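*Asks:* Handing you this structure, nothing more for now.
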Amino acid sequence: MNAWNHTTETEFILMGLTDSKEVQLVLSVLFLLIYMLTVLGNIGMILIIHLDVQLHTPMYFFLTHLSFLDLSYSTVITPKTLQNLLTSIKNISFMGCFTQLYFFVLLAATECFILSSMAYDRYVAICNPLHYPAIMSPRRCHALITVSYMIGALDSSVTVFCLSTLDFCNSKVIHHFFCDTFPILALSCSDTYGAEATIFYLAGSTLLLSLIIISSSYVSVLSTILKINSSSGKHKAFSTCASHLLGVTVFYGTMIFTYLKPSKSYSLGKDQVASVFYTVVVPMLNPLIYSLRNKEVKSAAIRVVKKREYTQK
C-alpha cells in the first residue's frame, strides 16, 4: 500500500453528508438559512452588548466573546459545507484542511473555558455578591479570556502537529463534511496510537477540566440558592443561571458524545449528526438561548432601538 503525506499529495476530498442531489439541495437551503441566522444573531448580540452601557458587566463581556467564537467557528465550517452541497467541488487542499481543523479546535476548546469563566462569574455573583466587583475586576476578566484563548491555541497546535506528521494511504477521501480529527486519523496507514492518545487525552483534559470548573461552580450556586428563604429570591437567583446551564448542556452533550471515545468507535451516521448539531445548529441557538430567556438582553435591545429612533428624529 502506497503511503503519502503533504509533501507528495496536495489535497483531500470531502465526501460531505449525502450523495443524493435532492437531499443536498434541501440541506444547502437549510444550512444557508441557519448560517444567516447565526451571523445575524451573534453580530446582533455583540452590537447590543457594545451599545448598551448597562450590559458592560463581566457576564456580558464573556457573552460577547462567546458570540464571537460561535460566529467564527460556524464560519470556519459552514461556507465550505455549502460549497460542497451546491457544487461539484469537493476537494480541499492539505493546507486548507489542516487550517480548517486548526481554527475549529482552537475556537471549540476556547469556548469550553469561556463557558467555564461564565460559570465562575455566576458563582461569584451569587455566592460572594459583596466582593463581586473586586473579584471580577476588568483585569481578571481579561486574564480569564486570555488564558482561554491560550489553551485553545495549545490544543489546536498539538492536534494539527500530531495529524500532520502521519502518512496517509492511497485513499484521500474524508468521509465527513469538514476536516475533523477522527475522519483524518482513519486515512492514516501509520501507527496512530501515539497521535490518537495525545489528542484523546488533550481533548479529554480540556472537556473534563472545564466541566469540573462548571460543575463545582454550580454545586456552590445551588447550595447558596437553597439557603435563600423567599421563593422569589430563589427564582431570581436561578433565572440568572438558567440560560448558561442550557447552553452548557447543549454544547457539552454533543462534544462528549463525539470526541470522548476511541477513533475506532467513530460512527459515520451518528457522529455526522452530532457534528452538524454543534458546528451548525448550536452557534445559531446560543443567541436565542441568551436573549429570549434573558430580560436584561431584551430590555437592552429595546433601549438600543429607541435610542436609535430618537437620534434619527
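Any Cβ shown, glycine's included, is placed from N, Cα and C.
No curator has checked TrEMBL annotations; they are predicted automatically.
Okay, these came from TrEMBL:
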| type | residues | note |
| --- | --- | --- |
| DOMAIN | 41-290 | domain 'G-protein coupled receptors family 1 profile' |
| TRANSMEM | 25-48 | transmembrane segment |
| TRANSMEM | 99-120 | transmembrane segment |
| TRANSMEM | 141-166 | transmembrane segment |
| TRANSMEM | 199-225 | transmembrane segment |
| TRANSMEM | 237-260 | transmembrane segment |
| TRANSMEM | 272-292 | transmembrane segment |
*Asks:* When only pairs 6 or more apart in sequence are counted, do the transmembrane segment (25-48) and the transmembrane segment (272-292) reach 3 or more Cβ pairs under 8 Å?
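*Replies:* Output yes: the transmembrane segment (25-48) sits against the transmembrane segment (272-292).
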*Asks:* Report, as numbers and ranges, every residue of the chain located at least six residues beyond the transmembrane segment (199-225) whose Cβ falls under 8 Å of a Cβ in that stretch; write 'none' if there are none.
*Replies:* 109, 112-113, 115-116, 119-120, 122-123, 126-127, 151, 155, 158-159, 162-163, 181, 234, 237-238, 241, 245, 248, 252, 255-256, 259-260, 262
*Asks:* Below 8 angstroms Cβ to Cβ, which residues of this chain, lying six or more residues outside the transmembrane segment (237-260), approach it?
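*Replies:* Residues packing against the transmembrane segment (237-260) from afar: 66, 108, 111-112, 115, 118-119, 122, 125-126, 181, 200, 203-204, 207, 211, 214, 218, 221, 224-225, 228, 271, 274-275, 277-278, 282, 285-286, 289-290, 293-294.
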*Asks:* Given the model, what does the mean pLDDT over the domain 'G-protein coupled receptors family 1 profile' (41-290) come out as?
*Replies:* 87
